[in-house]
Amino acid sequence: MAKAEKGVSAKKIAQERVDILFERAKEARDEPELSARYVSLAREMAMKQRVRLAHYHRRSFCPSCHAYFIPGTNLRVRIQHGKIIYTCGICGAVTRIPLNKKTESR
């Protein structure tokens, strides 16, 4: 077996970089291609290092085209039948999130 590395773990570094990339995507709202690229890089890094994305990161981009959501610009939000419905304005993908006491407390 390989020895564990001393110092900061690779997963912790990856999580910090994912957070930074999502911050950059938020700052680059005016440039949709750049913000989508930041989101794609963050997802790739998280998948490669097997780091889970936080729920607020998972819901901040389109799962289909990886566009960073900006409500009113490229995102339509509706509440119907006990679900929050996100509709991407770029690709038209629909994401349904159950609305229950668990999600309200987050």
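Cβ coordinates come from backbone N, Cα and C, glycine included.
Feature annotations, reproduced from Swiss-Prot:
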- C62, C65, C88, C91: Zn(2+) binding site (BINDING)
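Shown on the structure are the features that Swiss-Prot records.
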residue : record              : Cβ neighbours (10 Å)
C62     : Zn(2+) binding site : 23
C65     : Zn(2+) binding site : 16
C88     : Zn(2+) binding site : 20
C91     : Zn(2+) binding site : 14
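Close to the recorded Zn(2+) site, the chain also has P63, S64, H66, A67, N74, G89, I90, G92, A93: residues not among C62, C65, C88, C91 whose Cβ is within 8 Å of the site's Cβ mean position.
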